[in-house]
Amino acid sequence: MGSCCSSQDGDGNGKATAGSTVDSHELSQSVKGKIKQPEPKPKPPPQVPPAQDVKYPIYVGKYDYDSRTDDDLSFKKGDLMYIISTDEGDWWFARSKDTAGKEGYIPSNYVAEYKSLDAEEWFFGQVKRVDAEKQLMMPFNNLGSFLIRDSDTTPGDFSLSVRDIDRVRHYRIKKLENGTYFVTRRLTFQSIQELVAYYTQQADGLCVNLKGPCMVMEKPQTAGLSKQANEEWEIEKKQIKLLRGLGAGQFGEVWEGLWNGTTSVAVKTLKPGTMSIEEFLEEASIMKQLRHPKLIQLYAVCTKEEPIYIVTELMKHGSLLEYLRGDGRSLKLPDLVDMCSQVASGMSYLEQQNYIHRDLAARNILVGEHKICKVADFGLARVIDEEIYEAKLGAKFPIKWTAPEAAMYSRFTIKSDVWSFGIVLYEVITYGRFPYPGMTNAQVLEQIQQSYRMPRPMGCPEKLYAIMMDCWREDPASRPTFETLSWQLEEFFTTGDDAGYKDMER
């Protein structure tokens, strides 16, 4: 498939089941939904929003959100809101706590329960150590920037990650049976917030005192463009304005667009006759449920008339292939390995969902700000008309990226995706070089059957080449899982499970 483009993104859930509440009059037990009248007073009560008469949980904005439709509620990071209803799942109905009392739908992953741990700027939840290091080492974070995350190994415990001068230090935060927390046993705290407040004032054994929360690289993606678009994701073409072409693939064009006059999106327009609309909608309904920070979010489709529109998030730098051949030429090995680990993370999620990509290649991986990579076009190859695919590519699929069992017998599995990932590793480490240079598709297929594998590219570490070769094992069952590939690449430059941790227990 040709490359599709998408925007920034990320991942904080901010979900909770209970919230802080507002003191109010009791609900009438006899008439549901009506409010008990207050006792008569000499003076009339002040005018307040109706929501304050009911005990609704209070949530706080974790990110800025600008309304996309008339049904949405805009808010800023730190704004307080009453959550009126959570029945809509990913989109909650809320009322602003300010005197205006505006109402509307909000993305549930943009808010957190007021005064909860999730509401703290420095709490990142389920973030891996390597991701914490990556974020803290970004140029916009400084000495003493920090975050607290869930422990990688011990449920209920936490880890404190702090930016030192040129590296990140990690400290284990443990919980005692009495519910207190500590970094060192000589000093315990009633809450994580108290611990942070203490170490903000003095280092007391840390590499530096805590200066400020780690700044996030991207906001999380919302579930769909809006509440309505999430439920009825077939949208009208008149809602989309195509702004500028971003490129053309085998089966259509990619555009930067604007949805509803408010939201930047990427639009893939498919050439008429490319696929059966019925089969596409069946596959797209599955694709829309696949959500992961390293997968491109499918927002909506337009299938009432051709060309079909596929609407997704917009990524600033386009395909990984073009990025590597252009602005990415200056990337060093750690950046290249990190980008590969991001792809493996997204594919590991597909693996867990028993979903097969079928066309994994650098052209189908997109790049955003801060070298964020996301897998795109997963599943589309399955619904492309076979005759058209053959006419465009000279084969039913791109041979040089395809595992031999898939190329010869159409045996597509997650293990054939692993083979393709090995080719992606080659593309990345060579800054976008075409695989099997100088060989035709027929020659490649013949040579692979005779156990030929591409030699180690210049500048490629032996350790990385060994991972490539594992991906290209003849027996699909012998190839690694994407889960294994993900941690191998994440830990590529570390030594030992406890690397980077400082033990302050004493």
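Here the Cβ of each residue, glycine as well, is placed from N, Cα and C on the backbone.
Record features, source Swiss-Prot:
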- 1-53: region 'Disordered' (REGION)
- 1-10: compositional bias 'Polar residues' (COMPBIAS)
- 18-31: compositional bias 'Polar residues' (COMPBIAS)
- 54-116: domain 'SH3' (DOMAIN)
- 122-214: domain 'SH2' (DOMAIN)
- 240-493: domain 'Protein kinase' (DOMAIN)
- LEU246, GLY247, ALA248, GLY249, GLN250, PHE251, GLY252, GLU253, VAL254, LYS268: ATP binding site (BINDING)
- ASP359: active site, proton acceptor (ACT_SITE)
Structural state census, the domain 'SH3' (54-116) (DSSP three-state): 3 helix, 28 strand, 32 coil
Cβ neighbour count (within 10 Å, all chains shown) around VAL254 (ATP binding site): 26
Rounded distance in angstrom between the Cα atoms of VAL254 (ATP binding site) and ASP359 (active site, proton acceptor): 17
Sparsest-packed among the binding-site residues, when each Cβ's other Cβ atoms within 10 Å are tallied, from LEU246, ALA248: ALA248
Length of the line joining the Cα atoms of GLY252 (ATP binding site) and ASP359 (active site, proton acceptor), in Å: 16
All-chain count of other Cβ atoms within 10 Å of the residue listed as 'active site, proton acceptor': 23
Between the residue listed as 'active site, proton acceptor' and LEU246 (ATP binding site): CA-CA distance (Å): 20
ASP359 (active site, proton acceptor) versus ALA248 (ATP binding site) - Cα distance in angstrom: 17
Structural state census, the domain 'SH2' (122-214) (DSSP three-state): 18 helix, 32 strand, 43 coil
